[in-house]
Amino acid sequence: MLDIKYVRENPDAVKKMLEMRLLASESKKIDELIRYDSERKAKVTESDTLKAMRNSVTQEIAKIKREKTGSADELIAEMKIVSDRISEIDAELREIETKQEELLLAVPNILHESVPEGKSAADNVVYKEVMDCKREFDFKPKDHIELGKSLGMLDFERGAKIAGAGFPLYIGKGASLERALINFMLDLHLEKHGYKEVFPPFFVNRDSLRGTGQWPKFADQVYYMNDDDIYAIPTAEVPVTNMHRDEMLQSKELPIKYAAYSACFRREAGSYGKDTKGFLRVHQFNKVEMVKFVLPETSYDELEALLGDAEDVLKALEIPYRVLLLCSGDISANAAKCYDIEVWSPAEEKFLEASSCSNFEDYQARRAQIRFRRQPKAKPEFVHTLNGSGLATSRLMVSLMENYQTPDGKIQVPKVLQKYMGCEVIG
């Protein structure tokens, strides 16, 4: 979340950010937030003044009793009234702080100056295209659904029978290819890019969702287990970022870089009418996530490095892709800047999102209270957090299967995956 001090001192900048994010109607909440902040400060001042008075008079009462110079009954009665008023003020203060925090949690992140202004995905800027490995087919390429069925790799019908639509079932070489992708990506990030592996819980509590910004605003997108008051993770970003919630780090530890595999679960509420066939939109998918905790002054260099780490996966697999710089109307509420990586689907003849790489600056760290000290006795500061998909396997599987298909309906296994698969061709 934003620093209330920043909101108080820069209300116009915050309102401009809301306008750029197509949330101009929320501007009145900034005025309300500042009003609560003024009320809070006034209540704190009043409470502190009365507490100082009570402490002083309490000492006077003790002196009167000790020296037996008179009756302290009148002062005691007055302090009873003062104490009752302090209790009232403190209760009012807690209520104000709760309302202020609710409003502050809902305010999106300030956008980096390099984020282009725009209204929708159509206004995203193509940052780069890497299409030199694009294959030209002399036959009509099949889509991943047809390939998966004909080769006995995927069974969406049985997946739907087991759990419902949007829960794919991998079989045989399909399961092997999925596992190969996960292991390859983890090995690449650990051995080449210097990340530390984490295998996190697939369920988290509300504090964890709050820390990364999915709660309360996006709670309707997450699967919730009511009896246990616990949530299925939408991404490994949530448990991995919260590893350091409420912790004080030292600058010499930074950057901290984690790579984690997890299954991801998303309700995809509001996705009706969108392309939902096959892997294009599912409720459960697999992903390797990269998470960084870095010094504030290095976070944008670290973002470019994070993007490069994700791109290395596609370069090694020789899959065509492009990188988009997301505009103000399409970027997530938590991110200050974000790149999307899209892979090429020959059958669909379009790009499919396979990764997002984001810098949150101190937005998540402030919510999760992840701080560091530059020196042992230095003032604590908030770290900057970043994360990126490295990558999500569902759309990657689509692109891989379609790009590597042969005229006779088989799939060539990319060279970097052959040692994991134990074969060169599927089919």
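Backbone N, Cα and C atoms are what each Cβ position is placed from, and that goes for glycine too.
Since the structure is predicted, the reported quantities are computational estimates derived from the model, not experimental observations.
In Swiss-Prot this protein carries:
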- Thr235, Ala236, Glu237, Glu289, Ser389: L-serine binding site (BINDING)
- Arg266, Arg267, Glu268, Val282, Glu353, Ala354, Ser355, Ser356: ATP binding site (BINDING)
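Feature annotations (Swiss-Prot) mapped to structure.
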residue : record                : DSSP (3 states)
Thr235  : L-serine binding site : coil
Arg266  : ATP binding site      : coil
Val282  : ATP binding site      : coil
Glu289  : L-serine binding site : strand
Glu353  : ATP binding site      : strand
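With Glu289 (L-serine binding site) as the anchor, the candidate binding-site residues are Arg267, Ala354, Ser355, and the one with the nearest CA is Ser355. For the ATP site, whose binding residues are given in the record as Arg266, Arg267, Glu268, Val282, Glu353, Ala354, Ser355, Ser356, the maximum C-alpha distance rounds to 19 Å. When the neighbouring Cβ atoms lying within 10 Å are counted for each of the binding-site residues (Glu289, Glu353), the highest count belongs to Glu289. The Cβ neighbour count for Arg266 (ATP binding site), using a 10 Å radius and every protein chain shown, is 20.
Of the recorded residues, Ser355 (ATP binding site) and Glu237 (L-serine binding site) place their C-alpha atoms 13 Å from one another. When the CA atoms are compared, no binding-site residues among the candidates Arg266, Arg267, Glu268, Val282 lie within 10 A of Ser389 (L-serine binding site). Other than Thr235, Ala236, Glu237, Glu289, Ser389, the residues of this chain whose Cβ falls within 8 Å of the Cβ centroid of the L-serine site are, in sequence order, Val238, Val240, Ala260, Ser262, Cys264, Lys287, Val288, Met290, Val291, Asn387, Gly388. With Glu268 (ATP binding site) as the anchor, the candidate binding-site residues are Thr235, Ala236, Glu237, and the one with the nearest CA is Thr235.
The binding residues for L-serine are recorded as Thr235, Ala236, Glu237, Glu289, Ser389; their greatest pairwise CA distance is 9 Å. Taking Thr235, Ala236, Glu237 as the binding-site residues under consideration, the smallest Cα distance to Arg266 (ATP binding site) is found for Thr235.
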